[in-house]
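See structure below.
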């Protein structure tokens, strides 16, 4: 296959110093300032600084106003007015008496001294400028002009092209027609469902992150900030390609080439844009060989790197794509980062280093692994929260569902992706699963194997839909498990698949709830109303798929087909597919969201002939 010519990193104009400028020559013209004017500017700055120092220095008469300014400095992200939690986990309580007043006075004095020092330094710099001769000032101006010109030349030249690297062999992309007529008919039905989802998005939500299929308009959530980055387009590309929907794939590629721009003032989830955008773009690149996908993936990765600028190197949960400023979710255990988020970057970042030759991506994720290896783990378990400032665990809550799930998945797949040479990843996975099996996995009174959640030494007998992926993970990790336990883990995977199937089978719609309990005589059933919804998730079907691949037991194919039929019957609407709010109701209401992962994962897994997963490029 001929490698396509490298595309420029962006098809957009380079930002310039002058808003109205349209050429490099114009820039040079605007920089021809007279030395007299420069001297006048310096003198004006000196006078402004002298007078400004008196106005901006705080005094006791402005004490109340000063308190507000101090709070802005010390508490940039407050979770709630009542608690006043600092993002680092420090709790600041106001109005607590003499101790707080003394502390406030000390902080005021410290800040006042800092302001004085800053103004004195600025005044000194201005004085030094005024002492310089005309010749010295002229030389400085010429140096600055030369620097600006050099920077502009570099921008005009564009970034260095990415080095050519061998394309890994991608297996199972087009295995031809399935031999069974029944399988072909089912495959065609899944493709038709994908076409309906894509065409509806194309008609009603094109360019938006997701679709509201009932309202027939675009949709987005806070994980994408206020940006419209076409998440569904990027996320669905590999599914379109695998299904042979090449015209639709081409439409998506053209939108990406012309519209996908990461230079936006938007605060996004590092984890979500990594798995949906970088993962989606890299998968599309490996499948199609189109260079634009690799280039866009690298562009976005560069925007995520500032999220790692923390005292520990554990990245923030969110980062502003324009400013590079990061922060964590306000609800996450006193400003902690989340295990499933910072632990689900490894594979994409390793591929980025492979494709670019830049070691920084690999170094960032390996640093996370090394830091975790040094830490004590309660009962051998990895808590879901880690503070990126202190390097200490947050709340001791461990789960194989939300907040923890994909950390373990990525350890196993990192080992597979390395052709089983990354033994450190495999050992970390094995040790973690051993502790999970000892503390989290139990059998119900009715004989159902489930994975509970460990909270401060107590097992909560509840399993989430997200945790149902673990059945497939156990099967995938059976080969290579220590102490000849391959048969044990394959059996464990089968038991989890059976439990998750029961969670589907015990509902009216034959679709599984978000979470289900195993206590008070109830088994594999949701209790709370806010746990009865289904949002087009793939995890249960994913486990069926793995179990079918490893055992070829036809029941797993049948279970997957039953889930597909239920989705088509109860989630399909004229404008796409929607989640439902209550799987136990015969007349459910819709949530009016077509999730991007429905096209990227749920429908892809449903293809009976599909033999490769996005996250197993090298497997």
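For all residues, glycine too, the Cβ spot is worked out from N, Cα and C.
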(request) Scan 37-57, 58-78 against TrEMBL and say which stretch is down as transmembrane segment. (result) 37-57
(request) Compile a sequence-ordered list of residues in the same chain as residue 539 (active site), six or more apart from it, whose Cβ lies below 8 A from its Cβ; state 'none' when nothing qualifies. (result) 465, 466, 467, 468, 469, 500
(message) List every residue in the same chain as residue 405 (active site), at least 6 positions away in sequence, whose Cβ is under 8 Å from its Cβ.
(response) 340, 399, 466, 467, 469, 470
(message) I'd like the number of other C-beta atoms within 10 A of the C-beta of residue 272 (active site, proton donor), please.
(response) 20
(message) Among all protein chains shown, how many Cβ atoms are found within 10 Å of the Cβ of residue 468 (disulfide bond), not counting that one?
(response) 31
(message) In whole Å, how far does the CA atom of residue 514 (active site, proton donor) lie from that of residue 272 (active site, proton donor)?
(response) 19
